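Below is one structure, written out as structure tokens, with a few remarks after it.
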């Protein structure tokens with residue numbers, strides 16, 4: 001104990017000096033609505049922090065992602081194993097030694113790494129953590145629909161300058177879990193003709209996207225799919241059973257999820273969690289499904305980052321992952337965004353398809369130095385994920401053509417440059433659109449999203465054994481598109497092909513083949529005189545509202561089955 005105290009005293013002298021740096025200088029602190037501070041945390045209370053160690057060979061990783069994802073490449077579909085990725089990106093021996101010695105001197109204990117060795121999660125007392133990270137001051141907060149308790153620091157932290165070449169950031173200090181939930185809209189007014197429907201169900205989706213009763217998993221492959229849920233969002237298997245009883249009688253399906261990764265709470269089911277599971281398992285019917293449920297349950301952990309760590313630590317994973325998480329780009333530090341983007345790159349190299357909801361605030365809006373601008377969302381803006389926008393039926397009571405759902409998120413990143421795979425499509429949109437917002441509102445050279453879309457308006461969901469109508473949001477369209485990609489993977493696996501992997505390079509090369517082009521409607525944005533609440537508008541081909549369009553399953557299967 002005396003030796004540890006001397007170590008801490010020496011450490012405090014070193015890091016209290018001027019030789020420190022701020023890893024995340026642009027990380028803004030703001031207490032989100034619905035969260036309340038409960039005051040300082042007891043100095044002897046223990047917390048868990050995750051240290052992101054500097055990775056190697058990221059340029060080479062990017063090259064390999066391009067090679068395995070481009071159908072014109074001889075390496076197409078020859079994905080890396082987790083061990084291959086680890087060998088490529090793992091930190092240098094010097095970084096590993098330096099960080100481990102630093103943490104040991106601080107009294108950190110029970111440290112756990114991942115297979116790729118680029119993240120280290122350790123337990124420390126609050127007192128030790130505040131000495132280790134000058135400036136940090138840990139408080140407990142409560143908020144969210146489940147009154148979740150989390151520990152965060154309202155002040156920026158510093159690291160010793162000597163650690164700058166070795167540590168990208170420390171997670172678990174600033175970012176609050178985003179509150180993402182689908183909207184429940186009022187029932188549309190009016191009465192449709194014979195043949196009407198009263199909301200989106202699996203049978204409506206299967207009719208619109210041309211899925212037959214035969215379009216289900218065979219049960220003979222190792223095909224699998226997953227959704228991830230955060231912030232105490234739980235599903236109940238009894239809800240899934242009731243949902244399939246009501247809406248799944250016309251197609252073969254699985255009665256329960258194959259695996260839950262993380263803690264599945266006993267509280268009330270969340271509408272978003274129920275929506276994710278029910279529509280992933282009805283669109284990707286009869287395919288083994290995993291649920292990542294609120295991973296990282298300790299108060300100081302970031303659930304989204306903990307999900308990424310799970311992906312970095314499992315050698316065998318589902319082929320398709322759908323996620324409804326999102327944050328405003330400007331609310332996150334550039335270091336954090338880039339580090340998370342690298343995790344998406346690692347997943348793409350391994351042949352995983354990651355689909356993210358584009359968000360439910362249209363183009364978004366915020367004010368910078370008194371000037372309004374659109375507000376892009378992340379991870380929707382990552383160049384290594386496939387982002388799913390939202391549509392509505394032109395006639396809400398009929399299975400008709402689709403138009404833009406005005407809440408569908410979309411736009412241009414202020415962080416990521418435009419990837420080469422989409423330059424031609426974006427240039428064509430900017431050249432041909434007759435309803436472009438003023439150029440000062442968006443970064444025309446940034447990564448543009450979404451890439452695709454699906455219906456996002458008027459879903460039926462069963463939650464806590466109650467059928468709930470008119471649930472809406474890209475939280476609905478994302479699992480639907482993910483399930484359809486899982487069906488295509490099923491055919492590829494049966495034909496001896498690899499799974500689709502990172503879809504975007506192929507998607508843009510095929511110029512929307514296999515998709516219904518959505519050409520009518522605009523999404524919402526800033527409510528000012530200059531744009532009057534209108535963001536971007538859809539048009540022929542790709543657009544930043546619905547991407548290339550919505551799935552026409554037989555045509556999309558034909559397009560993506562080979563090679």
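Along the chain as shown, the residues are counted starting at 1.
Glycine is treated like the rest: Cβ placed from N, Cα and C.
What Swiss-Prot annotates here:
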ACT_SITE  272  active site, charge relay system
ACT_SITE  276  active site, charge relay system
ACT_SITE  475  active site, charge relay system
DISULFID  111-122  disulfide bond
DISULFID  365-526  disulfide bond
DISULFID  522-537  disulfide bond
CARBOHYD  210  N-linked glycosylation site
CARBOHYD  222  N-linked glycosylation site
CARBOHYD  286  N-linked glycosylation site
CARBOHYD  313  N-linked glycosylation site
CARBOHYD  443  N-linked glycosylation site
SIGNAL    1-19  signal peptide
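Shown on the structure are the features that Swiss-Prot records.
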residue : record                           : Cβ contacts under 8 Å, 6 or more apart
111     : disulfide bond                   : 100, 103, 120, 121, 122, 123
276     : active site, charge relay system : 227, 229, 235, 291, 322, 324, 475, 479
286     : N-linked glycosylation site      : 216, 217, 218, 219, 251, 252, 253, 254
313     : N-linked glycosylation site      : 114, 115
365     : disulfide bond                   : 372, 373, 374, 375, 525, 526, 527
443     : N-linked glycosylation site      : 412, 413, 414
522     : disulfide bond                   : 404, 406, 435, 534, 535, 536, 537, 538, 545
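The 10 Å shell around the Cβ of residue 475 (active site, charge relay system) contains 31 further Cβ atoms across the protein chains shown.
When other Cβ atoms within 10 Å of the Cβ of residue 526 (disulfide bond) are tallied across all protein chains shown, the result is 23. Here residue 272 (active site, charge relay system) is positioned 26 angstrom away from residue 210 (N-linked glycosylation site), judged by their C-alpha atoms. Ranked by how many other Cβ atoms sit within 10 Å of their Cβ, the disulfide-bonded residues 122, 537 place 537 at the bottom.
Between the CA atoms of residue 272 (active site, charge relay system) and residue 222 (N-linked glycosylation site) there is a gap of 27 Å, rounded to the nearest whole number. Remark: of the recorded positions 210, 272, the most isolated position is 210 (fewest other Cβ atoms within 10 Å of its Cβ). Within 10 Å of the C-beta of residue 222 (N-linked glycosylation site) we count 10 further C-beta atoms, all protein chains included.
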